[in-house]
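Sequence annotations record features per position, and here Swiss-Prot assigns repeat 'WD 1' to 117-157. Marked as repeat 'WD 2' by Swiss-Prot: 169-209. The feature repeat 'WD 3' is assigned by Swiss-Prot to 219-259. Summarising the annotation, Swiss-Prot assigns repeat 'WD 4' to 262-302. What Swiss-Prot records for 306-346 is repeat 'WD 5'. Among the features that Swiss-Prot reports, repeat 'WD 6' is placed at 365-405.
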Amino acid sequence: MSEAESCEETSKEHRIWKKNVPYLYDTVVTKEVEWPSLSVQWMPDVTKTENSDSSMHRMIHGTHTCGGVQNHLMISKFTITTDTPEFDDAKWDSEREEFGGYGEGSAAKWDTEIKINHPGEVHRARYMPHNPFIIASRGPSDDVYIFDYTKHPSEPKDTKFRPQLRLKGHEGEGYGMSWSNTREGHLLTAGDDGMICHWDINANQTISGQIVPQSKFKGHSSNAEDVSFHALHNFVFGSVGDDRKLNLWDLRQSKPQLTAVGHTAEVNCITFNPFSEYILATGSVDKTVALWDMRNMRKKMYTLKHHNDEIFQVSFSPHYETVLASSGSDDRVIVWDISKIQDPSSSSAASSDSVPPEVIFIHAGHTGKVADFSWNPNRPWTICSSDEFNALQVWEVSNSLVSSEKWETEMI
């Protein structure tokens, strides 16, 4: 398929998606930003507005500029209605054959609250769970940066870069980053130098605000693409890399405690289940998500297949134990329910050309590679996702598609 044919096919698919928006979502809001964002994360706070039907949420994102334009780490606030919107025939655009502005009532507002100068594009930015005012970021340099965003004005007064801390220990750029949920101030980063660095931002620092790693781990023969603390254990973490390896580590040991190779190409991302101490998932260039059980790492527990291109992000839902999502170069975010996985030997299992039963939703609102996404911690089926064509999207799966006794029971 030529590039022109590919663009036409993408455009056609997007038009079809737009026509079906009212049936698939309770909310879809697209923000066309000036520059693409490689990173996005909801923050944990939520504020009820004066209008009781709305709530205000914050998110972290960044810029990827070109031509010498200043990059920024950004905090934005998003106001979203709490009521399920009604299907409105008046929103049908007969000329374009689509519904417009669905879920974008007067309560849906998106405003930039804080902009912080950043040296180069923001590869990844994540807040510290124990103090969400503290944000770590990565860019195209060796260093990792720590910001307290309460110490920065809403707009920078000049072009000077003013992080609260610089973490110095890598010898190359990177994307992987993970804060500990159980130990305040502890951070892991992965880099193209193949190293994993463990930091304690509360440790002694130099006069110039620099910190060196508490420890460094070498377990990959090429780029270390991602790293993640275990959600429930103090010292357990995992890393993945271009050598196709999944390594499981103990912070107190210098070597991986377990190593597995379950993908046929580079592994880009890793996530631990926040409800189960044994289950984790990895996403790969081979277009699959692998599920793993730490009690038996000799083989994958299951392979999730429905992406058409490499996967860049995977994340378990913070609300439901069996739900996770993944995104990548096929412009899609796929939501999976692993409790729906069928026995591969069963005659009722999905064929290779059908949608597997574990796929419960496909978000097709993007027209370019989905660089990152984030589950909203306060709204169970709401996700923010970003793509390479300057779109940030907030979308909420229709309650009619996911409402069931199972989900209601899990939320009690």
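Glycine too: its Cβ is placed from the backbone N, Cα and C atoms.
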Tertiary contacts of the repeat 'WD 1' (117-157) (same chain, 6+ residues out, Cβ under 8 Å): 37-39, 41, 43-45, 60-65, 70-73, 75, 163-181, 184-185, 187, 189, 191, 197, 199, 201, 372
Contact between the repeat 'WD 5' (306-346) and the repeat 'WD 6' (365-405) (3 or more Cβ pairs under 8 Å, separation 6+): yes
Please list the DSSP helix, strand and coil residue counts for the repeat 'WD 5' (306-346). 3 helix, 17 strand, 21 coil
